[in-house]
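Undergrad: Pasting the relevant annotations from TrEMBL:
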DOMAIN    1-129  domain 'Laminin G'
DISULFID  102-129  disulfide bond
DOMAIN    130-166  domain 'EGF-like'
DISULFID  156-165  disulfide bond
DOMAIN    167-205  domain 'EGF-like'
DISULFID  176-193  disulfide bond
DISULFID  195-204  disulfide bond
DOMAIN    210-398  domain 'Laminin G'
């Protein structure tokens, strides 16, 4: 199903499909493409009867037998899409291309969408259309914008600098390596360098390799599974060795973690015991806690394997089966659509574990991880080849 409004050869077009046929409505008049004329457009449908109104000239499509509900489980896009593959080939007449122009006052089902920098879920390459160079929050970090000749000028708060107040004054002269992130430390009028994978040292200028990954609390590794497209997602499996002295921490999160609808399988420590949580669909998170008293924060190495056979979950700890549960006997959702993404130790800098996991886990992992195997692969994954920050060589004591 889809509903799409587009410009085609200067005419406005509405297309929708409720599951049986594509309905196409096109305005009688063209829009003015001079860049300074605002048009008022009303479009929609009641059941399968459609209407399209441009500047008061109305076109309707009478209802006919057939489907009458729009069943579209996607985000709502304005001006373009995040990926052209999302556009149904019947939704537009020509090849899909993004809109160039200005849009204001979007009202959907009597609710106005706020077209600001912060309200939409996401977006890219959208600028200001209010006629001044100061629109669309040009100045970052609470800077104030002033129109100046043909351009603009940002007055920055005390701790920020740069043409748009984008840079901390503490990082303006930083010596961090090219792959590193500079993190301002206002309390000490200084900064720290957060090293990318394969680098260490105060300024992240020492090359390292590791087979055991050491996580220090604001660390993470994001691994992209190259074989994801070939996986049978009804039969997932992950094994990992870990050691820690902390009673809380997220060890592994298999899943994209972009929004709450994403499937995931997670392993971590909660209250000093092993916790596994799985979500195969409809935001239904099923936490499985190891019931026996288990001091997994004893600084010894522990080996965990989680096996998902459709809705049946088995958890092995040090090669002993400790949990076995069918999380949905109705078998409504049976595949782990994890998007080929695995996080270890936490998430990207600035994303808190308790927020991203909605409280399922409280903190980033502090400890060591090694010997990660996905599915029935014959080789361990190479953590060094992934993306990440603040991860050290677990063999050394630094």
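Don't overthink the numbers, they just go from 1 along the chain as shown.
Note: Cβ is positioned from N, Cα and C throughout, glycine not excepted.
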Undergrad: Do me a favour and check the Cα-Cα span between residue 129 (disulfide bond) and residue 165 (disulfide bond); whole Å is fine.
TA: 21
Undergrad: In whole Å, how far is residue 165 (disulfide bond) from residue 102 (disulfide bond) when you measure between their Cα atoms?
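TA: Approximately 26 Å lies between the Cα of residue 102 (disulfide bond) and that of residue 165 (disulfide bond).
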Undergrad: Grab the same-chain neighbours of the domain 'EGF-like' (130-166) for me: Cβ-Cβ under 8 Å, and only residues 6 or more beyond its ends, written as numbers and ranges.
TA: 117, 172, 184, 186
Undergrad: Count the residues of the domain 'EGF-like' (130-166) that DSSP assigns to helix (H, G, I), to strand (E, B) and to coil, and report the three numbers in that order.
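TA: The breakdown for the domain 'EGF-like' (130-166) reads 0 helix, 12 strand, 25 coil.
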Undergrad: Please average pLDDT over the domain 'EGF-like' (130-166) for the predicted structure.
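TA: Summing pLDDT over the domain 'EGF-like' (130-166) and dividing by its length gives 81.
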Undergrad: In angstrom units, rounded to an integer, how far apart are the Cα atoms of residue 156 (disulfide bond) and residue 193 (disulfide bond)?
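TA: Per the Cα atoms, residue 156 (disulfide bond) and residue 193 (disulfide bond) stand 24 Å apart.
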Undergrad: Identify which of the disulfide-bonded residues 156, 204 has its Cβ surrounded by the largest number of other Cβ atoms within 10 Å, counting every protein chain shown.
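TA: That would be 204, with the highest Cβ count within 10 Å.
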Undergrad: Using Cβ-Cβ distances, find the residues under 8 Å from residue 195 (disulfide bond) that belong to the same chain and are at least 6 apart in sequence, listing them in sequence order.
TA: 177, 179, 180, 201, 204, 389, 390
